[in-house]
């Protein structure tokens with residue numbers, strides 16, 4: 001059984017009127033004429049024909065191309081938009097109603113896409129309006145570059161480039177130019193732009209069945225905005241190839257669709273046809289700009305990427321290129337209140353990319369300060385031994401950590417920690433300023449950030465950054481045990497703040513929190529610092545082993561059943577207890593050996 005495509009609509013016959021109702025509720029600067037269903041006209045709420053003293057700019061056509069045309073109604077762009085039914089030209093009476101509603105003493109310009117129905121209906125309405133005493137000029141836009149130069153009377157189709165003409169004409173009218181001058185600028189703009197569309201699928205009309213004329217492996221080149229067949233059907237190609245083909249077609253000197261030659265300034269519009277994600281449109285834009293610059297020798301002054309003139313839900317895009325001098329750019333940059341004109345694209349283009357900022361510590365210090373010292377102080381030797389021992393233990397724990405993590409997580413805790421530990425040992429040979437404890441901790445964080453990745457890498461980097469900040473605040477030449485204790489405490493607070501875990505959540509903090517508490521308590525009581533460190537390490541191990549009795553409240557383990565969790569300790573906590581204990585033993589050995 002064949003079903004109509006799924007849509008969020010009511011009666012398919014009411015989609016245009018209900019769209020207009022939603023549009024004017026969304027944008028308070030818009031109104032519509034109370035003539036549904038025959039008359040469907042959106043107009044500026046601040047304009048009345050009796051008092052309007054500027055040229056009215058009116059456009060329109062079949063619906064289904066939203067945001068065109070009603071989305072471009074606003075000061076600085078269109079004064080009114082005439083909406084036909086889906087893909088159907090609006091009737092003469094609707095067009096006349098729009099002209100009468102907004103046209104004052106300065107007259108109106110009708111901008112019409114080059115389709116037979118639009119030309120006939122707008123043309124007849126224009127003649128009727130003239131007979132009623134209105135001053136009316138008409139500009140036909142046909143900028144399609146997909147088909148060979150026309151031999152019959154139909155000519156080239158009007159596509160998304162028409163929106164650029166709307167903007168130029170609207171800005172000229174807002175500047176107070178006469179009807180003749182506004183029409184002349186619009187006509188000139190229409191002759192400067194070329195457009196070509198491509199699609200991966202055809203669109204679906206409301207209430208109808210989706211056509212499958214392209215299938216999964218084909219794409220269409222040069223199709224129109226009503227789902228009509230294109231110039232060619234080809235195999236799906238990478239976007240690089242597609243963009244190159246479209247640009248070549250538009251700028252071909254053989255067809256001479258647009259008067260654009262090397263050295264010219266241009267604007268680029270990448271227009272989604274309704275069903276293409278913005279990501280893909282931006283990719284196309286990103287590929288088109290350098291091609292225009294390098295292959296065609298053009299200066300790209302403005303880039304507009306988004307939905308401008310769609311074809312319902314068609315998966316595809318069109319590219320429009322307009323020759324632009326400074327006067328055109330001024331019109332495009334002129335302010336407008338039209339809701340769907342992109343307001344963030346005006347002005348000169350700065351370079352697309354700039355260098356990655358260098359951290360202040362790297363830019364203000366010599367490279368020597370971030371290298372292994374020629375000679376280590378006693379503090380440097382102790383720190384080196386502690387780091388060496390901690391990293392070596394983690395490397396040895398790789399298989400155990402992976403085994404535990406395989407039961408309660410994703411099975412890579414040991415491998416992740418192994419990468420970090422290996423990087424630390426390698427970097428310590430060359431880059432760690434071991435006589436400077438704070439900077440060494442900061443470099444450990446850099447090694448971890450580079451090598452570990454994932455959540456564990458972020459957490460350990462946070463630990464190091466917080467410890468670095470605490471140690472850096474110390475103005476004394478040597479870092480005392482009390483400062484190390486404060487650094488550990490700050491690290492735990494940072495991880496808890498950003499990660500959300502605390503004691504009892506079955507994480508690495510269940511090893512580090514008791515270690516920190518015991519270290520602070522013993523040092524405050526006057527305990528020998530080495531003994532305090534060893535006792536805090538014992539607390540870390542006990543805390544890590546106690547996680548076997550905890551229900552996880554953070555990380556991937558929180559998705560694992562209590563029965564499974566009760567069989568193994570938390571691997572992150574065991575890793576933390578492992579390196580903390582190894583560091584404590586190494587410090588003890590260093591001081592015992594030197595005494």
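Heads up, the Cβ atoms here are built off N, Cα and C, so glycines get one too.
Among the residue ranges 339-378, 379-418, 419-458, the one that TrEMBL annotates as region 'Disordered' is 339-378. Taking a C-beta cut-off of under 8 angstroms and a sequence separation of 6 or more, residue 62 (substrate binding site) has the following same-chain neighbours: 84, 85, 86, 87, 88, 89, 90, 118, 226. Within the same chain, residues at least 6 positions away in sequence whose Cβ sits under 8 Å from that of residue 63 (substrate binding site) are 15, 16, 19, 40, 83, 84, 85, 86, 87, 88. Cβ neighbour count for residue 64 (substrate binding site): 27 (other Cβ atoms within 10 Å of its Cβ, all protein chains included).
Summarising the environment of residue 118 (substrate binding site), the number of other Cβ atoms within 10 Å of its Cβ, over all protein chains shown, is 25. Taking the Cβ of residue 65 (substrate binding site) as reference, residues of its chain lying under 8 Å away and at least six apart in sequence are, in sequence order, 225, 309, 310, 311. The substrate site is defined by 62, 63, 64, 65, 113, 118, and by the 8 Å test on Cβ atoms against their centroid, the other residues of the chain that qualify are 60, 61, 68, 69, 84, 87, 88, 89, 225, 226. The Cβ of residue 113 (substrate binding site) has 61, 140, 141, 142, 157, 158, 159, 162 as same-chain neighbours under 8 Å, each 6 or more residues away in sequence. Each residue in the domain 'DhaL' (381-585) has a pLDDT score, and their mean in this model is 89.
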